[in-house]
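Per TrEMBL, the features are:
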{"type": "TRANSMEM", "residues": "20-45", "note": "transmembrane segment"}
{"type": "DOMAIN", "residues": "39-288", "note": "domain 'G-protein coupled receptors family 1 profile'"}
{"type": "TRANSMEM", "residues": "57-77", "note": "transmembrane segment"}
{"type": "TRANSMEM", "residues": "97-118", "note": "transmembrane segment"}
{"type": "TRANSMEM", "residues": "138-156", "note": "transmembrane segment"}
{"type": "TRANSMEM", "residues": "202-224", "note": "transmembrane segment"}
{"type": "TRANSMEM", "residues": "236-258", "note": "transmembrane segment"}
{"type": "TRANSMEM", "residues": "270-290", "note": "transmembrane segment"}
Amino acid sequence: MRNQTLVTEFILQGFSEHPQYWLLLFICFLSLYSVAVIGNVLIILAITCNPGLHTPMYFFLFNLANMDIICTSSIMPKALKGLVSERNPISYGGCMAQLYFLTWSASSELLLLTVMAYDRYAAICHPLHYGTMMSKAFCSVLAAGVWALCAVNTAIHTGLMTRLNFCGPNVITHFFCEVPPLLLLSCSSTYVNSVMIVLADAFYGILNFLMTIVSYGFIISSILKMRTSEGKKKAFSTCSSHLIVVCMYYTAVFYAYISPVSSYNPEKSKLAGVLYTMLSPTLNPLIYTLRNKEVKAALRKLFPFLKN
């Protein structure tokens, strides 16, 4: 180890193996990034400026929009730069920072989706006690707990990553700094990192998913017991948007992460990365806006020219 030079910067491979698609990818990624940021900012403004949307469901949606902005903004500027230059270096510190903010926002989103499922469970299965179950103080504690728990978890994973030695090669087979390709580049033992990744996968990917499924099991059961078709339609409309987002996000996460580091596939990981760092933050505001009359009304009130 003493005779080896430690890496001070990494090279993001990005999509350099497909130069013929650089222009097309740049236009697509820039469009997705623009729509994601603008859409989520509009949701934040609509919820903030409209007192009628100061309810638990929209409070969590407000947090989700912030997470989406952090997630896509930690990745896209560097990814776009890589599509207009032949070489895309990133400093060691910059790589660790990107890894931290991406993991923080992505894990927070998984945990928040579970919290939002519980909110819909309380609203549909216990409507008379909803105000008590989802009080303002309790919702604040849940949201703060999501941000704080994921920040601590991410700090642990990033801290373990900084303990590793990287002696070269330094080419990351991805368009952003990601845990699996970084572990493959390490020239020191990654056993502890691998154990922590398995534990994180079990908690975020499996336990959270099961809790969400259980919540929706109770929700569907309650909807089916409703006597009127109008009541069933109204109840389902309040959770359909969230259910679509859950399915879309977990599909990308399972595709990317529920597999050992040793079986890492660069092309598969890049596709999954596009799904949860670009496509999901772009579609979330569209799904919640297009399928929600209250949000659309708030946006029209905020921007009167949208009424035409």
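The backbone N, Cα and C atoms fix where each Cβ goes, glycine too.
Per-residue pLDDT, averaged over the domain 'G-protein coupled receptors family 1 profile' (39-288), rounds to 88. If one looks beyond the transmembrane segment (138-156) by at least 6 residues along the same chain, the residues whose Cβ comes under 8 Å of a Cβ in the stretch are 56, 59-60, 63, 100, 103-104, 107-108, 111-112, 115, 119, 196, 200. Listed as Cβ neighbours of the transmembrane segment (270-290) (distance under 8 Å, sequence separation of 6 or more from its ends, same chain) are residues 15, 29, 32-33, 35-36, 39-40, 42-43, 61, 64-65, 68-69, 71-72, 75-76, 102, 106, 174-176, 178, 241, 244-245, 248-249, 251-253, 255-257, 296, 299. For the transmembrane segment (57-77), the neighbouring stretch richest in Cβ pairs under 8 Å, chosen from 20-45, 97-118, 202-224, is 97-118. If you look at the transmembrane segment (97-118), the same-chain residues 6 or more away from its ends with a CB under 8 A from one of its CBs are 57, 60-61, 63-64, 67-68, 70-71, 74-75, 78, 90, 142-143, 146-147, 149-151, 153-155, 157-158, 161, 176-179, 182, 200, 204-205, 208, 211-212, 215-216, 242, 245-246, 249-250, 253, 276-277. Sequence-distant contacts of the transmembrane segment (20-45), counting only residues of its own chain at least 6 positions beyond either end whose CB sits under 8 Å from a CB of the stretch, comprise 61-62, 65-66, 68-69, 72-73, 76, 79-80, 83-84, 278-279, 281-282, 284-286, 288-289, 295, 299, 302.
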